[in-house]
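Pulled from TrEMBL:
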TRANSMEM  20-46  transmembrane segment
DOMAIN    24-494  domain 'Major facilitator superfamily (MFS) profile'
TRANSMEM  100-120  transmembrane segment
TRANSMEM  126-143  transmembrane segment
TRANSMEM  164-190  transmembrane segment
TRANSMEM  213-232  transmembrane segment
TRANSMEM  376-394  transmembrane segment
TRANSMEM  406-427  transmembrane segment
TRANSMEM  439-460  transmembrane segment
TRANSMEM  472-490  transmembrane segment
REGION    498-527  region 'Disordered'
COMPBIAS  507-521  compositional bias 'Low complexity'
């Protein structure tokens, strides 16, 4: 017979799927919707920023951000995200998931608005201010990763846990899609209101002064979905697993989950033996953690790192790839607002037909196929399609073959999302002990953002230095390495969180030892 803590957690594992589960998906998922919108909308407006602030009189091509400025604008949010993942992941285990959850959301709202209010006398002042606020925006976004994943995993039942966590992450696809759609609407409205000639006809007149409002509105819109869910996020109770296993308050865990699961949970405390210390209270920096979970942490961190190099390179610089193959017209043939519109339309089409479906294929199949198979399959097909694009690259640049290139390129997005981009988020929320779960997820996610920074900074220089073809070959090799490191990650399908983390063995082991142990018996009756 498991102890009381495990009985209340067993009630969570076997609970029927209820409306509250879907509410939790929406509340946590809207955070990810905002995360994706804020992280990826910058790629829609970097060309516009170059035209507005770095135009050179007499140049035959529109102004563009200097390489160092472009890398900073695109990558600084990832620096903040990495820091936020480590800090808030640790804080979520120390103070509780709920306490920290509202802080991250408020930070995202404030910094989204502030990013759009970046002003200065000189272009570099504007970019520096923008980078400052996007760093802190990333810091808030970073906290959302470990907290959302951990909260959803600790609320979910055993049967559909993978789908629930993946559904939270799948909101990222809608965030990317929303970014493209907002950019289309805003740039389209301004384009209609303030018509202007293409650059090659009138370099100065092709960028109307009102274009400066366009990028600001697009960035500031990211505050809206975060603000809408703040109240509901604050109403969520602390997870029972944190309350029971970390805070050691089974009575409060029972009370919270009685409301959530619509069952009666009654607790009785037995006498605790003075000075008793449980055998599973080892810390992160101990040989016991290293022996039990060290390989798992290496697996989740390395696969997320490799995945994000490829994923963020593709997302942030798809506009450059589409321009290189001629799918987006040359910049000088368009005015500034037409260019934003064209880039946003291309990103929206990719999101609509490959990115979003990929996420939801994972949601539908993760609890049937398992995490390991989906991740291995995703990395395999990413590798395959990267090489299929790179090796005959000249073939794809020919006018008659460009649609084929876009289809193949879309498939790499599809299998990254119906693959490691979803599973690398799900698995770290399932396989580590409750008291270290948020921290370990934060470490894994931060490794991913280190990969995103390599993608944001490295790909930009690589594409300039060695060309798109060789860059795609490198991304193919990285995807292959991701496939190999997947073998370090355990399968968690159909198992309780306590089984995966070893907390079942520890709790039961403590009970079979001599003497009275701390326990809580909880009787469960259908409400």
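We number each residue from 1, going along the chain as drawn.
Glycine is treated like the rest: Cβ placed from N, Cα and C.
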Legend entry - Which of 164-190, 213-232, 472-490 contacts the transmembrane segment (100-120) most, counting Cβ pairs under 8 Å: 213-232
Inset, instruction - Might you confirm whether the transmembrane segment (439-460) is in contact with the transmembrane segment (376-394), defined here as three or more C-beta pairs under 8 A between residues 6 or more apart in sequence? - result: no
Legend entry - Outside the transmembrane segment (164-190), six or more residues from its ends: residues with CB under 8 Å to it: 21, 24-25, 28-38, 40-41, 44-45, 148-149, 152-153, 155-156, 208, 210-211, 213-214, 217-218, 221, 315, 337-338, 340-341, 343-345, 347-348, 351-352, 355-356, 358-360, 362-363, 366, 417, 421-423, 425-426, 429-430
Inset, instruction - Could you pull the average pLDDT for the domain 'Major facilitator superfamily (MFS) profile' (24-494)? - result: 87
Legend entry - Residue numbers, six or more beyond the limits of the transmembrane segment (472-490), whose CB comes under 8 Å of its CB atoms: 295-296, 298-300, 302-303, 306-307, 309-310, 313-314, 371-372, 375-376, 379-380, 382-383, 386-387, 389-391, 393, 420, 427, 431, 462, 500
